[in-house]
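Engineer: Please see the structure below; I have some questions.
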């Protein structure tokens, strides 16, 4: 992932302003350590921090059309760029970058070209011929993007909050699937509006081979790279399928010819964690070069402040899962790898979270999947993008391919419903699609392994250790004042309070706290789905183990009232609050 920053229509074209833009752009350099670029045209500035994945030799940004009247700074990957180039025969391209097509598409089609892009992207385009501009973000928000407004009437755009939060009167997350155009009076326009967006119940019959074909296509197109890459492999269904398909199709690709035909896979976890065991087994089955990274609870706790600074959230489940991903990304980048494929998005599309066992009917099931996909940019996309980008590593997510989402979301949700009495566990339609007896994609027990959320799979003591640490830093008196100190999204647990304190230190603006979602949740549900089971109101925790009666290692946080237990041995040196009685909601 690259880092982009744009300041448009400001009242200052001085050298001091240019220096300030460069200073702010450097805050995004972790996203793109390979090269920096800046373009200034009067009161407009476009800056870029590049992570070179395609055409590393000549693809530096900003990018231009032939006469340099149209300028683009972009963070993204356009998978169909070669096909798009064929339709632009009268245009001359300056680079081999996949993003070079954007300026030329605009020149040919105006602002109506965005839906032609198959990929992930955030970009700012400046048309110097009339001093107009447009900003756009990909369909579901795989790339991160923020928009803000300065006191002088300027418009700011940045890949991360840290690039604009000090200089804007107000800022917010740029909505996925939208564009913002100065030509339309400075308003947002939704360019991505698929049939499933209205949440009406679809009726397409389930065809396993259609799902298989659509997902294989989504993975294959993401093998486009000019740099070393690998796959994140936790041993769960989603990452294992991504790894299996990649291993099958890697031979013969340009990447294989340049870097070798053997796939590299990566896994992280506490010693003895479920993911480490399963990931190793899948790697051996697929024949990948497997890299296992171990961390301790203390390692994770030590990284929390860095994680919150980079991921820019105080959401509990996002921080829990981002921390091991953050640690793993640093290790991966140290090996010279610049891109990884990852399995985010499947649980939202297929209802894979364990709370979906309680969906009362297919309409509720489908509407919850729609809500989850629409909110992905606030949670898993945010994590996958920023936890990896902290070290100049790009994460690609084939489950969030536009065509695959449309195929999967057109299914009659009755086929996705979880029915244990019929042998249908969560994500049954996906598992069945890849259950091939003649040429197996995965071992059966991996193909039908129960869902583990990433923050659980890396080791159950990870979350338990976080809670114990938070309890050492947040006392009951602080919690009693939580609603006064934090009236918006008031933290309900000591762990949430602890993360909020750190977040507010980095991002104290009201606009910043409003970018983070809130509301009731159990096992990563939306607030609406909490209504499915009355008992959940007493056990509000985003961990999958909160799904009592569903998860094999479920716990009931509402029924445990004990002295605070000793934390994991990795944090034994932290003083304990002796004798305090608390309700443990693990």
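Quick reminder: no glycine exception, Cβ is built from N, Cα and C everywhere.
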Engineer: Would you identify which residue of 67, 98 Swiss-Prot lists as part of the L-glutamine site it also attributes to 50, 51, 52, 53, 54, 75, 76, 77?
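Structural biologist: Among 67, 98, only 98 appears alongside 50, 51, 52, 53, 54, 75, 76, 77 as L-glutamine-binding in Swiss-Prot.
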Engineer: Given that Swiss-Prot assigns 232, 342, 343 to the ATP site, pick the one from 268, 307, 311 that the record assigns to that site as well.
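Structural biologist: Answer per Swiss-Prot: 268.
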Engineer: If you measure residue 344 (site 'Important for beta-aspartyl-AMP intermediate formation') to residue 268 (ATP binding site) at Cα, how many Å is it?
Structural biologist: 16
Engineer: If H, G and I count as helix, E and B as strand, and all else as coil, what does DSSP give for residue 98 (L-glutamine binding site)?
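Structural biologist: Assignment for residue 98 (L-glutamine binding site) reads helix.
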Engineer: Sort residue 344 (site 'Important for beta-aspartyl-AMP intermediate formation') into helix, strand or coil using the DSSP assignment.
Structural biologist: coil
Engineer: Starting from the Cα of residue 50 (L-glutamine binding site), work out which of the recorded positions (2, 232, 342) are within 10 Å.
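Structural biologist: Taking 2, 232, 342 one by one, the ones whose Cα falls within 10 Å of residue 50 (L-glutamine binding site) are 2.
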Engineer: State the mean pLDDT for the domain 'Asparagine synthetase' (194-517).
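Structural biologist: That region's mean pLDDT is 95.
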Engineer: Reduced to three states, what secondary structure does DSSP give residue 2 (active site, for GATase activity)?
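Structural biologist: DSSP assigns residue 2 (active site, for GATase activity) to coil.
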